[in-house]
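Below: one structure, written as C-alpha cells.
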C-alpha cells in the first residue's frame, strides 16, 4: 500500500518555487540509493511516495547549508507534513524512509510487550460476583428457560447487553459457561491491547503504553473479571483505528456496538462522535453513519421492551428511585475515584499529566476525547461510583492511551511546542516507579490486596478469585 507525503517549506520560499500547495507530478523526482535507504530529491511541492508501513519518516529541507530536520510520525496514514527550512530559501527537499532497524525493532518491541501483557492477563484471569449474575442469566437462556436470572421473573439483571449476548452464544456453542467466559475475556483483551500497541510509532509511546498495560492494576484486573472490560477496549481500539471520513457505515455500527457494551458509554463517545459526524461531507454519509449507529440500538430496544417490559436494566430503576441525597452520592462517587487512584497510582499520572497533554498538544479529535473522558468520570462521581475499584475507569484509561498513539508525541527537538521530550520521558519514568511499587502483576501467591478500613464498602474484587486463571483447562470439562 502506497502512501503520499507532501513536503513543503513554510517560511521564505525562493522565487523559483510555487506558492501554492499543489503537488507536482512524481516524475519530477529523482531517486538515489538502495531500496532500504531510498532518497528522493525533488523541487518544492513535489509528492513523495513512500511505503505506508514505514512507522518513522525523516524529512529534511536543504537550503544553502541551512536546513532543519522535521519528523513525520504515523504508521497508518501519511499526511501532509510541513518542512521548515529556517530563514533561508529552500530549493530542494530530501525525503528518506527511516532505517529498517527502527521499524523492525519497534515491531519486535510491540510483540514483546503484547506477549507479556497477554500472559499476565491470563495468569490473573478471574470472575467477579457480578459476572456470575450475567452467566446465570445466559445459562438459563441457553438451557431454554428464557433470558432471566430467575426463570419466573422477567427482569433484565445485567448492564452490558452485547457482552451478555456474546457469552450466551459462546456458552451455548461450547457447552462451557465458566472457562469459555474467561477465554473470551482474554481473547478480547489481547486483541484490544495488540491494536493499541500496533498504533505506537516510537519508543516513548511503546514504553509508556507498555507500562500502563503491564504494570497497571486497572488494566490487569478489569481486562477479564467476566465483565465487559476486555470487549470494550477491543471495540474502542477498532473504532479509533478507522480513519476519519472513511466507511461511515462501519464506523456507525462500531459505535452502536460500543454503546451496547454499556449504554453509559454514550457520555464517553458523544463529543468525539459529534466531531466525526461533522467531518463527514455530504448528507448521504452523515445519514448512513446515523442510521448505522441507531440500528443496533433500536433492535436491542425493541427486543428488551418485548422481553423485559423495559429497555434499561433493573439496576437503573433501583438506583434512580432511591432517596439518597445528591450530595451524598457525589461524596461517595469521589471516594470511589480517589480510592481507585490509590489502588492503581498510574491512573494519577494519566489524570494529572496525560489528559492535559492531550488537550494542549492534541488536535480537535484529542480535545473531543478529553471532554468525553472528563464527562464520563464526572458521571461516575455523580451516580455515587461503585464498589468495584477501577472497573469504571478502564474504558477512559484506554481511550487516553489510544489517543496518545495518534498525537505523534514526542515532537522533534526542532518543534518548540509543548510538551518537551524530556518532560514526557520524565512522566514515563514516574509512571514506571509508581507501577513497580504498586503493581500486582507478579503477585503469584495472590497476597496483595488493597483495603481501606475507613471505606470497607469499596472492595478489591480480585483477591480470592484470581486462582481461576491459574487453572484454565480445555473446553469440555465438567464445571
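Just so it is clear, glycine is given a Cβ too, placed from its N, Cα and C backbone atoms.
Unlike curated records, TrEMBL annotations are generated automatically.
Positions annotated as region 'Disordered' by TrEMBL: 14-36.
Feature annotation from TrEMBL assigns transmembrane segment to 108-127 (among others).
Annotated transmembrane segment per TrEMBL: 163-196 (among others), in sequence order. Only residues 6 or more beyond the boundaries of the transmembrane segment (163-196), in the same chain, are considered here, and those with a CB under 8 A from a CB of the stretch are 114, 117-118, 121-122, 125, 127, 131, 134-135, 137-139, 141-142, 147, 209, 213, 223-231, 233-238, 241, 261, 398, 401-402, 405, 468-469, 472-473, 475-477, 479.
Long-range contacts of the transmembrane segment (203-220) within its own chain (CB-CB distance under 8 A, at least 6 residues past either end) are made by residues 106, 109-110, 113, 116-117, 120-121, 124, 193, 196-197, 340, 343-344, 346-347, 350, 390, 393-394, 397-398, 401, 404-405, 409-410, 421, 424-425, 427-428, 431-432, 435-436, 438-441, 450. Sequence annotations record features per position, and here TrEMBL assigns transmembrane segment to 203-220 (among others).
With a cut-off of 8 Å between Cβ atoms, the residues of this chain six or more beyond the transmembrane segment (249-275) that come close are 159-163, 228, 231-232, 235-236, 238-239, 242, 288-297, 300, 312, 364-365, 368-369, 371-373, 375-376, 379, 395-396, 399. The annotation transmembrane segment is assigned in TrEMBL to 249-275 (among others).
Per TrEMBL, transmembrane segment is recorded for 287-306 (among others).
Note on the transmembrane segment (341-361): residues 211-212, 215-218, 367, 369-370, 373-374, 389-390, 393, 397, 400, 403-404, 407, 409, 411, 417-419, 424, 427, 430-431, 434-435, 437-438, 450, 452, 460 of its chain, located 6 or more positions outside it, place their CB under 8 angstroms from a CB of the stretch. Sequence annotations record features per position, and here TrEMBL assigns transmembrane segment to 341-361 (among others).
Sequence annotations record features per position, and here TrEMBL assigns transmembrane segment to 373-398 (among others). Proximity of distant same-chain residues to the transmembrane segment (373-398), defined by a Cβ-Cβ separation under 8 Å and at least 6 residues beyond the stretch ends, is recorded for 128, 130, 192, 196, 212, 216-219, 221-223, 225, 227, 229, 232-233, 236-237, 262, 264-265, 267-268, 270-271, 319, 324, 326, 328-330, 332-337, 339-340, 343-344, 347, 350, 355, 450, 457-461.
Taken from TrEMBL, the feature transmembrane segment applies to 418-437 (among others).
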